[in-house]
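Engineer: Can you read through this structure? Questions will come right after.
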Amino acid sequence: MAQAQASKFKNPVVNWIDSRLPIFTMLDHEYNHYPMPRNVNYLWAFGAIAGIMLVIMIATGLFLAMQYSSHTSLAFDSVERIMRDVNYGWLMRYVHANGASMFFIAVYIHMFRGLYYGSYKAPREILWILGVIIFLVMMGTAFMGYVLPWGQMSFWGATVITNLFSAFPIVGDPIVTLLWGGFSVDNPTLNRFFALHFLLPFVLLGLVILHTAALHVCGSNNPLGIDAKGPQDTVPFNPYVTIKDGFAVVIFLIIYAIFVFFMPNYMGHPDNYIPANPLVTPAHIVPEWYFLPFYAMLRAIPDKLGGVLAMFGSIALLAFLPWLDRSKVRSCKFRPVYRQFFWILAIDALVLGYAGAMPAEGAWLIIARIGTFYYFFHFLVLLPVLGKLERPRPLPTSIAESVLKGGGGIAAGAHAKPMEKA
Amino acid sequence: MRALKTAILSAALALGIAGAAQAAEGVHIPKQDWPHSGIFGTIDKASAQRGFQIYKEVCSACHSMRLVPIRTLAGIGYNEEELKAIAASYEVQAGPNDQGEMFMRPGLASDRFPSPFPNDQAARVANNGALPPDLSLMAKARVGGEDYVYAFLTGFEEAPADVHLMPGMNYNKVFPGHQVGMPNILQPDGVTFADGTKATVEQQAHDVATFLTFAAEPHLDARKQMGVKVVLFLIVLAGLMYAVKRKLWSTLH
């Protein structure tokens, strides 16, 4: 005879459900008691911030989709109707459009945090690779979303980016035809981009759940990069990290709100307020700012296929990072040489971004070429070599010892009601 | 907190790239002092009404404003009666009627501003091959925004000796390529303002730019007012969150 699982919850309804489908036990385990290293800094909040951004994007996107028309003859006007006539439509659209940029800011900081503290190293390889896949899907989603208002940059951006696939021999042209649904960027393209733009965020949601599941297997990394060895090294996620992440989320929302309400078009391009016109090419076709470093790499290589491979390769490379970095030490804190190169890489990414915004000629083209070369040099040469040559500083024996300088109590468990002790 | 500062700094750097993307194109457009700029800035309604008058008497001879319903003008201070009168001054095509024919009727406030030409081809034929762009979003659709509109309208001058103008073209110092089909249309006292404001070219350009800013972003005032409330609320919330965080974590050390 089958028996229901025992559940510890006192509420009879929760208990009844939980003994049949233990979601409450799972949530309690993963989000109340989940042990978080006690020394994590505010950079660890950007995972939570990125998660909140995904939810905001799905929520605002849903309401925009209710008012949007994905036909080339209606798309531009329907967006303007949202801006002018739909109640708070301007708010939904500006929150969504600026949200894309803020989502990328959060994710880029999250990624560089992972790079700095070696969060990709064993046993977190799959966690990291899932992150790279999330980044790729996010880029695709953002690109297709930018096409939907059917302005000049929408149209010409779509034309340039989809044409990239034609660089591949044999399969290239069929892929492009498939993406377009015809022989140029036109109504079928807009329609399928809308369908995919609606679908992919939910794929992202699934990937984020996997990303979190993988995280909860081996636990969060921390600024020291050493493993937590017991309860003296950790705090329960709730309430300690919920309140800390919550504070960081609110600070992030303040910056976000300043963009939405006071400079909503700062991160956009004015040309996208001109309806798409296949007969008029804009003077400079520029992608959204978050693609600029990759755009710079694309244009830096004089050969079309080479440029496309460099661009995709620069992201694919990240998936191999756990094996390219030969050093056993995770955190940059104890890697005096690598730490310098980390900052050079960060500056390199910004320089590439700037070069991507400039016309690909003269000095900027040379700078983009040097930047592209350095990017690959960092991952393919510096990282493996440094792991062998560098002499890391000695690691502390435990998190508690390093953070508390001897002494300090064990964090109260969630059940101990820590507030009463204060 | 140091980590947070680093994060904010990186975000600021990333945004610098966005600024660079815009700086890369076009000539320098001098910034004007607008009553609607800044956090608390609101549209100068008197100026926008004068701008609307210029649009109606001058611009709309060639330029459409097809995305803007006439009722939008309530946002710059016209009451319902005035809106009906403004709308009725336009003839709008409607129909078909019971006989299956299209007919003309006086405009309603819910109508959009009628376009001067039935289609782009007709507009080009009437304008020496040039297409006068739609003005609905003009203040957002050019680098520099309303500053560009002002600089363009006041930027017509004699072509320098080394510039060879094509037939029918005019020289403008801020227009990309400097040759533009539109003539220098704003003349001193070209319109007579009801409120007695002297109609210099600069005043007219200023008023048109204010009106086009409103036309492109009719909810600008509401947006900023909501923004002030949202940001104030979030700052208070952040303060509370930080206090609770400090209190909670103090038991750990």
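Using the three backbone atoms N, Cα and C, a Cβ is placed for every residue, glycine included.
Note: TrEMBL annotation is automatic and uncurated.
TrEMBL lists these features:
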- A:13-224: domain 'Cytochrome b/b6 N-terminal region profile' (DOMAIN)
- A:42-66: transmembrane segment (TRANSMEM)
- A:94-115: transmembrane segment (TRANSMEM)
- A:127-148: transmembrane segment (TRANSMEM)
- A:154-181: transmembrane segment (TRANSMEM)
- A:193-214: transmembrane segment (TRANSMEM)
- A:227-397: domain 'Cytochrome b/b6 C-terminal region profile' (DOMAIN)
- A:246-267: transmembrane segment (TRANSMEM)
- A:279-298: transmembrane segment (TRANSMEM)
- A:304-324: transmembrane segment (TRANSMEM)
- A:336-357: transmembrane segment (TRANSMEM)
- A:363-386: transmembrane segment (TRANSMEM)
Engineer: Might you confirm whether the transmembrane segment (A:193-214) is in contact with the transmembrane segment (A:94-115), defined here as three or more C-beta pairs under 8 A between residues 6 or more apart in sequence?
Structural biologist: no
Engineer: The transmembrane segment (A:246-267) vs the transmembrane segment (A:42-66): three or more C-beta pairs under 8 Å (separation of 6 or more)?
Structural biologist: yes
Engineer: Express the predicted model's confidence over the domain 'Cytochrome b/b6 C-terminal region profile' (A:227-397) as a mean pLDDT, rounded to an integer.
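Structural biologist: Value for the domain 'Cytochrome b/b6 C-terminal region profile' (A:227-397), mean pLDDT as a whole number: 94.
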